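A.B. asks: Here's a structure for you.
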Amino acid sequence: MQKSLSVYDSDGSTFAPLVVIELVSETKEEAIAWLLNRVRDKQQDGGAELLVEQLTPGAQGTEKDNPNVYVVGASWQRLLYGAEDVGLFKEFNDGSMRGFTYANKHNFKEFQGDGDGFLSMAECQYIIKHELDNLRAKDEAHVPGYPKMKLYPGKSVIRRMQSKGILVQVFPLHEKEELKRLSFSWFKKIKLSFQPLDDIRHYFGEGMALYFGFLEYFTLALIPMALIGIPYYLFDWEDYDKFTVFAGFNLVWCTVILELWKRLSASLAYGWGTLSRKKAFEEPRPGFHGVLGVNPVTGRAEPLYSNAKRQLRIYLVSVPFVLLCLYLSLYVMMIYFDMEGWALMIHDEEPTFWTGLLLFIPSIIYAVVIEIMNLIYRYAAEFLTGWENHRLESTFQNHLVLKVLVFNFFNCFASLFYIAFVMQDMVLLRQSLATLLITSQILNQIMEAFLPYWLQRRRNKKAHKRMIKTMEDKELPLSEQVKLEADMSTYLGTFDDYLELFLLFGYVSLFSCVYPLAAVLVVLNNVTEVYSDAFKMCKVFKRPFSEPAANIGVWQLAFEAMSVIAVVTNCALIGMSPKVKSYFPESETQLILWVVGFEHFLLASKFILTFVIPDVPKHIQIKLSRLEFESLEALKKRLRLKMAAHAVRSKVEENRSHLAGQLPSSKIP
């Protein structure tokens, strides 16, 4: 917890500021007073029972500073009750991971004294965010001072004010000393070692730690392929007849690493207490709208929207739009092939060093155009998915991921498929793959880390210098810290990071057999990715709220789908090998049948392997089963005690009734 900085609540209580709430500067006073009262009110009165105070401007404050900035914290007892409410898992005295309960708090391993230090700052901030999100309207018809900003019983207050633009942002504060230690062990000191995943999880949460864990695992899993690819590339530069061996290795590699990752992620999630944690009931998205009705599950009033209307929007608008974008991508691809033909013609007419360089220009231009198209399509996909009006954030994300993956896959790999299976030009395939891979990696590094950092410096250069000096050398005043962090870019989640890894996995698993150095390039990219991602999380972006996660979610399914496509692709490449074709000199149909049969055999083997390798290691399964057994036994014991107590009460009542019939009324006790 951040103890060095503290503020006083209106009742005189001292608390550590954990979360910042910023309202627009012209927010009406009655709306501010109403919101703060709701944040402070007792839970039984419908409030969040948190501590909140207005941030006082520091010595360097100006008239341009927004006065409506508030810091939020909570008492330790409130945070411990909140940990129970959100279903936080912590280590028990026997070493198992169990759901925290306030009544049983002293039986947890790290709970000492009054519990100070039991919860990490990230966990405390997550609890506060949960309580703020669950702050609901009671009988208010609208936000005070804003008659057009309608409310109804059960509506999330924070979400309504965010969607209407009154609430600018809610973000958690950094803890300077802890961030400094994490930065030093994570990216400031370049060394060959594993990432501090437990420290990352402690500071940024399980979702972020799982991403960096997967990035590290993917990089290590690529090393065997890279070690095989280097001599393969050096000794078989033009011998495409032997790429069948590398393709066969690809088939086994892409299946095994994904299955082993599921086991590793289960081990990490168990150690962090998220594997057996029950998923919380999802509330409607802030942007969800519809006719006011009653949720049959919660019984609360909330907007209802016809699923039929949503399906019509998806199939009559979204799907045709995606198909149109795929057609445009195909059209751009054909322009690229025309450019390739033009460059090749010039080189054939006058083969010089400069015309040789000209051969790479179309691929570089095409790679840049692909990145631009992916970026534009991403914004369009977000708009369309929001317009479809999905009720839950998870459903919104699933539809968005599907749209983006389909387009990115087609946009990035369509040209490679065309070169490999229509043109059947392995030299051009190798050149195009290398150019796309290298160009996309350079552009991603620039767009993800260096560009946001440069914009941050340009936007507030003096403040940035002061921040760097103060963050590293001495403590920054709270007002200055909040002001600087409020101006930092907002981290939008791991979506783009996983998407980049998905595309790199595709380049390696689909076509690296014709360009064995692809794995080497991806390893180098991932090593720099670790440092650039760590840098941007610690220096460029606001601290994101911790999000519990047991796995990488829908991305596991996306990677597994790519591995299935890789089986088909590599089998087809094997079938195109001159050496394999030589075994079927008279019948191409027989060759196709053999390739298809071999492909089906490998797919069957892949799915069998999926079932044979358990997703959760045996020792963790035993621990989870033991915990479930103990929970059932404890429940049975409580029921038996309850039944015994009921039987005793019944016996006492029976004896009293029996005595009442035998004794005078004056002597009945």
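All positions are counted from 1 along the displayed chain.
Here the Cβ of each residue, glycine as well, is placed from N, Cα and C on the backbone.
Any TrEMBL annotation is an automated prediction that lacks curation.
Not my notes, these are from TrEMBL:
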| type | residues | note |
| --- | --- | --- |
| DOMAIN | 200-626 | domain 'Anoctamin transmembrane' |
| TRANSMEM | 209-231 | transmembrane segment |
| TRANSMEM | 243-261 | transmembrane segment |
| TRANSMEM | 314-337 | transmembrane segment |
| TRANSMEM | 357-379 | transmembrane segment |
| TRANSMEM | 400-421 | transmembrane segment |
| TRANSMEM | 433-455 | transmembrane segment |
| TRANSMEM | 501-524 | transmembrane segment |
| TRANSMEM | 591-613 | transmembrane segment |
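Describe the structural context of these features.
C.D. replies: If one looks beyond the transmembrane segment (400-421) by at least 6 residues along the same chain, the residues whose Cβ comes under 8 Å of a Cβ in the stretch are 318, 322, 325-326, 329-330, 333, 336-337, 366, 370, 373-374, 377-378, 381-382, 384-385, 428-429, 432-433, 436, 440, 495, 499, 502-503, 506, 510-511, 514, 554-555, 558, 569, 572-573, 576.
Distant neighbours of the transmembrane segment (591-613): 251, 255-256, 259-260, 263, 563-564, 567-568, 571-572, 574-575, 580-581, 583-584; these residues of the same chain sit at least 6 beyond its ends, with a Cβ under 8 Å from one of its Cβ atoms.
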A.B. asks: May I ask which of the stretches 243-261, 357-379, 501-524 has the most CB pairs under 8 A with the transmembrane segment (209-231)?
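C.D. replies: Of the candidates 243-261, 357-379, 501-524, 501-524 scores highest.
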A.B. asks: Find the member of 314-337, 357-379, 501-524 that has more C-beta pairs under 8 Å to the transmembrane segment (243-261) than any other listed stretch.
C.D. replies: 501-524
